[in-house]
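Quick look at what TrEMBL annotates:
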ACT_SITE  Lys131  active site, charge relay system
ACT_SITE  Ser206  active site, charge relay system
ACT_SITE  Ser230  active site, acyl-ester intermediate
DOMAIN    69-508  domain 'Amidase'
TRANSMEM  12-29  transmembrane segment
Amino acid sequence: MALTRFERFLASVLRVAVGMLFAVFQLLAQRRGADRSVRRLPPITNPLLRVPAMRLARMIRRREVTSVEVVQTYIDRIQEINLLINAMVKDRFSLALQEAAQVDKLIEEETGGEDVLEDRLPLLGVPFTVKEAFSLQGMPNSTGLVSRRGVISATDAPPVALLKRAGAIPLGVTNCSELCMWLESHNRLYGITNNPYDLERIPGGSSGGEGSILGGGGSVIGVGSDVGGSIRIPAFFNGIFGHKPTSGVVSNVGQFPPASGQQPGFLCTGPMCRYAQDLLPMLRVMGGANADRLSLSSEVDLKRLRFFSVPHDGGSPLVSPVDQQLVLAQRRVVERLEADLGVKVQQLKIPQLKYSFQIWSAMMGAPGKDGKQPTSFAELMSDHGKKVWPLWEMAKWTVGLSKHTVAAIGLVLVEMFQRSQPTQLILQQKESLQKDLEELLGTDGVLLYPSHPHLAPKHHHPLFTPFNFSYTGIFNILGLPVTQCPLGLSEEGLPLGLQLVVGKQQDRLSLATAVFLEKTFGGWRDPGSIATATTQLDTWRGASTTAS
């Protein structure tokens, strides 16, 4: 379905308008930031920080290393990098060390052997981090809202409780965007979080603090949530793995704000990891009894799967074109799948994807089965307090007096004009897309799709491209599981990546493919050691040229 003449005209007008605003912004940014130098994180030196979580658990059970040593190593790394990235907003280091000492004592006293511990406590002694939007006992749960500054969690959210029950030890909570509804992790309570690969760039959102601390080597596994890409976008921008599970498998209880309207069917809680091999065992733990629906123990033969590649959304006038480095990276994945597995990757165009943003926006604002509209963003911002007037807040923001970010205020302004029923056209496009993708993927299909049109943008730049998240958001509406995979680094030393989309309850297929891609492309890279990025990309270009 080609763009209509009007859509092409609209795209041109939008890009000209955005370009003019962006030029003004860059001019102001250069004046304000002329003396700022590019800073990078120090490289990782302790080898324990390069060990996957499940292997760490095995080493701890076998007494090759103590839990105290592992936890202290991660505490040291967080203290080394957090002043630069501002990812962890509240720690529980003293408690974590006490709990690690208890783990070591338990292992010393265990008489049943390693197998008993592995079965009962698969993550025993392994540290993890949690997005601040989740309840973690004794930790703040403000979701970046100044009015919730004093809210302290009395209990654990169910996925957090399950990880703790499996023996994992929480280190603290990480930053997110205000009320989890923007792709920059910035709020007036904790400030702004930086990308570990370039401190002038964003880590994504809303689970951006989690992505940043993981990408920077300050954590090995973490908990995120995703209603429009909030696991996958930070995983992409920070060069790590993230998984949005099949809807309804992992509990969403215990996070603020709670979903309403039809949103509970779109919101997903899932694992974020530096190593692909940790995704499946984390999902098994976080899903509890529901994880049985996913047959995670069943072996996956990648050579028997059907693979598809869609290079872009078809040209939505609202969304930026996909960066050519991402196009090249996805093409390289196709080449390696075909060469290494002997499969044929089918290139597709799916015209309904052009309406991804409109579908996401309409369904997020649609009433639930009870006929009630979802809680408005303005109501959430007020948090049962004084009503938020967006124009007044914007006026206060210009003089530095608002307690809210400009992105949050802008969302309220947009919301004022969007509280309506989905149009028949959008509903038709959604149903058609749902049917086509479910038939295409079945129980053995894997779709390669870009994670985002851009590499990690500089701070505040997403204000000029607010609809680009639709590359991830559409799969929340469709309820399909998606795994985000890193694919090395760009010319600028920024993470490349793509999404692996599979049919409902077929999570194991994308997780197995992620393990293959990690072995093939190297997975996560230490942001303190990125000198070889340009060489790697040149090699890819040469290989693609030779192949063609």
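Cβ coordinates come from backbone N, Cα and C, glycine included.
All annotation found in TrEMBL is predicted automatically rather than curated by experts.
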Item to check | Rounded distance in angstrom between the Cα atoms of the residue listed as 'active site, acyl-ester intermediate' and Ser206 (active site, charge relay system) | outcome: 5
Item to check | Proximal but sequence-remote residues of the same chain as Ser206 (active site, charge relay system) (Cβ under 8 Å, at least 6 apart) | outcome: Lys131, Ala133, Cys176, Ser177, Cys180, Met181, Trp182, Leu183, Ser185, Ser225, Ser230, Pro234
Checklist outcome for this item: Here the 10 Å Cβ neighbour count for Ser230 (active site, acyl-ester intermediate) comes out at 36
Checklist entry - Hey, what's the Cβ neighbour count for Lys131 (active site, charge relay system) at 10 Å? => result 31
